[in-house]
Amino acid sequence: LTKRNFSSTVEEERHVRANDRDYNERFSYADNHIKTAKYNVFTFLPINLFEQFQRFANAYFLVLLILQLIPEISSLSWFTTIVPLVLVLAITAVKDATDDYFRHKSDQQVNTRQSQVLIKGKLQNEKWMNVRVGDIIKLENNQFVAADLLLLSSSEPYGLCYIETAELDGETNLKVRQALTVTSDLGDDVAKLADFNGEVICEPPNNKLDKFTGTLFWKDNKYPLDNEKMLLRGCVLRNTEWCFGLVIFAGLQTKLMQNCGRTKLKRTSIDKLMNTLVLWIFGFLICMGIILAIGNTIWEQKVGSNFWEYLQWKELTISAVFSGFLTFWSYVIILNTVVPISLYVSVEVLRLGHSYFINWDRRMYYSRKATPAEARTTTLNEELGQVEFIFSDKTGTLTQNIMVFNKCSINGKTYGMLFGHKVDITEKTPCVDFSFNPLMDRKFRFHDSSLVEAIKLEEPLVQEFFRLLALCHTIMPEERNEGELVYQAQSPDEGALVTAARNFGFVFRSRTPETITLYEMGQAVTYQLLAILDFNNVRKRMSVIVRNPKGQLKLYSKGADTILFDRLDPSNEELMFTTSEHLNEFAGEGLRTLALAYKDLDEDVFDEWMKKLLFASTALDNREEKLGALYEEIEQGMMLLGATAIEDKLQEGVPETIACLTLANIKIWVLTGDKLETAMNIGYSCNMLRDDMNEVFIISGHTMVEVRQELRMAKERIMGPGKDKFSSGLDMEKTELYSSDSVFEETIIAEYALIINGHSLAHALEADLEQILVDVACLCKTVICCRVTPLQKALVVELIKRHKRAVTLAIGDGANDIGLDTNYWTAVNHFFIWGSLAVYFAILFAMHSDGIFTIFPNQFPFIGTARNSLNQKIVWLVILLTTVVCIMPMVAVRFIKADLYPTHTDKVRLLQQASRRQGPQEQNFRRVRRTSSRRSAYAFAHQQGYGELITSGKNMKVPTASTSTYPLSSPELAFMPLHGSLFPPRDKMMKR
């Protein structure tokens, strides 16, 4: 291969050779150093001055300073210009340097993280920024992935490892990655890894988080690579002792950084407004200078020429036209005070003061973690009061991402109500005593002791309920110390349910590909696992088939109630009606619901079904459809056990904050990497989605044609009934006033919500569809974009900024409760307004004082001029008349214009004032009792579950001897696997 410089040419494919830095450096790949700061020591001054001189006032005063250095036209000292200019530039530069210092600090913290790199046959600690493409690095449990890696080997069987991708897509459920078999055999043998010289040819750097295409060439063989073998920067290694990876992309070329926008110079609306005003003022100044220069030329020709012979002028200047030219520049200097450079100083000081007020705000202080609010930049503070759209992440912003088992319904009876009725539960509310269970999770809290009593009384259906929760899942247990169980859950929902079963005496302790071991009220019981009927998006349920110690065959199933209810035995009709009422109650409280059912299987029927299953699982054509049909066949005629209700805990005060923001006519959009069902659940929990909304539109098309059709249908359904409702609610005069404006859609129209998936959003953001997307989204009260990448989040924000020209606020983790000040005149305003006048007069008198004359006699010769001038009544009269003439016409025009031709802002403000006079609606601040649209918590995976992985045994380790006070298994309870099982012998599946 010839040397290619990728800084000047587009990289078409990437060649990476392991453990060969000399080879990889030929391609000029990016190193692992990242930079989000804008400046360094050498570039700060030129770049910052360039940015500051983009302000027209600063550029004008620089030109003015140059003009004042020319004696022929200068009538004022250069000192009067350079002092305020330097002061403005210095204050702004200090503020910008402070902001960038914190960026440098953050970059330094990331770049200096330590990583173990294989160099010259030894593992050495290196800083992240020193990692290079082609290096082999070692990761340990709970460490961040330093770069985009090809997984080579891990501590888990078959080269598996578990990662958390919350930094990439917002999901905290674990993902599985698996190394190639040929590289997983390298293990942790440093000598073998140092000799590994495989070459990877793959796609160039890109921002596609869910796609990777490449080929590994090693020992004259080719091995295909995909995204399932990649560990991306930003992921965290979980539940895996160690793993080794080959660096494919580093630094700014990693997929995470490719999804991050560059640090840009942000200009606020006030900055833009001041620039526009200064341009107009400058234009006015030029016009005044031209008029005065023409007047001077005429005067010089008719009158001034008579005095030339008495003046000691050079021949060159004895010209009326040239005198007018010089006079023009002189007036440009003299009239410089009309350009408000002091306004920039005032704005910068105000911004700095506002940032301190934010830091000191007690309402934004989080006492539990002693964390105050922190304004990381002082540039954008005033924009908070002008925000029209808020774009919020979900995980860590709206929710705490903590799932809690809250309530349940078992055989028609609800549990979880304190004292049998609803009571507000606080931290001081007494909890149920689980001390009878030595394997309990001490963090688990439940407040209804009647459920524990039912367990102790050995009520069969209650025990069967928790037995189902302990058996029907794909969780992997890990026992670190005696009795210290840690569950590796594919989703927080599953973890919450199995933890609940654990505390109520049905402890999931261990599993193999063929068995599941529980501790039921202290007794070890081993169930033979015969089949896992795994979850997917179509089934929306999961089932397991087990044989209990008595030899009975049982099918346990959990899933969305709408799905399970259709598969129940007809004898469950009354119980189904009662449970459905309970589900409505749970859903009305914003809880995530799940139905549970079981079935006793006949031995002969099951054997026949297993034969069909074995045949279908080896079919070459339509395998998924055949398996789905068999699952459907055996899941008929089930018996209903009850339902669970899980609470996805919101951040404190989220519903109230959203209600207040809605009252302020601020539109809230949720942009999340989570799946559609999860995003909808959170929307209902925080009252962004409600059952009393007119309609919730879900855009899920896979092609541009489908997405266009769905958006058009949504717009037609909104605009039709909306117009009728509007015209009936207002008189004709107001209808004409508002009909051509979007105020109607924003404040009066019936409530709609829009939910759009990531793949549909990709089409909707195309140029042909983006306008209709904006139209429909802005007609809705709530917009939720799910399964979106970080880049798509940025594109959505940019779309609204471009089409609506609105101030937007994008919120990540930790900033979800900002109070907006809507008062115009406060003590601070008075202080700065009147203080500015005082400072002006102080400077004016100082420049004409004896003291300044003593220091600079040549620059300030006019002693007492200001004092003598202000002693004259005529001067004050001129100031008063000038003020009235300049201000009063504009005030009058604004009042008349606001009344006759109200702007969008005027209309919104009037409607907000009317809303405040009526007072806030009660329903905005309390949970709405939902009567339909139950939301299943069992939509917790957007992909196939872990069932196949578990039954294959690839993720199983040889269990170590239990150190528990209970034996791991008892001879009288354990038994050999059924001969008809789909699973091969254990010794072929377990890693020894």
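All residue numbers here begin at 1 and follow the chain in the order shown.
Backbone N, Cα and C atoms are what each Cβ position is placed from, and that goes for glycine too.
TrEMBL lists ASP393 with the feature active site, 4-aspartylphosphate intermediate. The ATP binding site feature in TrEMBL is assigned to ASP393, LYS394, THR395, GLU494, PHE535, LYS558, ARG592, THR672, GLY673, ASP674, ARG787, LYS793, ASN816, ASP817. As annotated by TrEMBL, domain 'P-type ATPase N-terminal' applies to 16-82. Annotation comment: TrEMBL describes 818-903 as domain 'P-type ATPase C-terminal'. Residues or ranges marked as transmembrane segment by TrEMBL: 53-70, 76-94, 277-299, 319-345, 831-854, 874-896.
Geometry remark: ARG787 (ATP binding site) versus the residue listed as 'active site, 4-aspartylphosphate intermediate', CA distance 11 Å. Note: the stretches the transmembrane segment (76-94) and the transmembrane segment (53-70) are in contact (3+ CB pairs below 8 A, sequence gap of 6 or more). For the pair ARG592 (ATP binding site) and the residue listed as 'active site, 4-aspartylphosphate intermediate', the Cα-Cα distance reads 20 Å. Other Cβ atoms within 10 Å of the Cβ of GLY673 (ATP binding site) number 27 in total over all chains. Taken through DSSP, the domain 'P-type ATPase N-terminal' (16-82) splits into 33 helix, 2 strand, 32 coil. When pLDDT values are averaged over the domain 'P-type ATPase C-terminal' (818-903), the model yields 71. Considering other CB atoms within 10 Å as the measure, the emptiest surroundings among the binding-site residues ARG592, ARG787 are those of ARG787. GLY673 (ATP binding site) and the residue listed as 'active site, 4-aspartylphosphate intermediate' are 8 Å apart (CA-CA, integer value). Remark: of the recorded positions ASP393, PHE535, the most isolated position is ASP393 (fewest other Cβ atoms within 10 Å of its Cβ).
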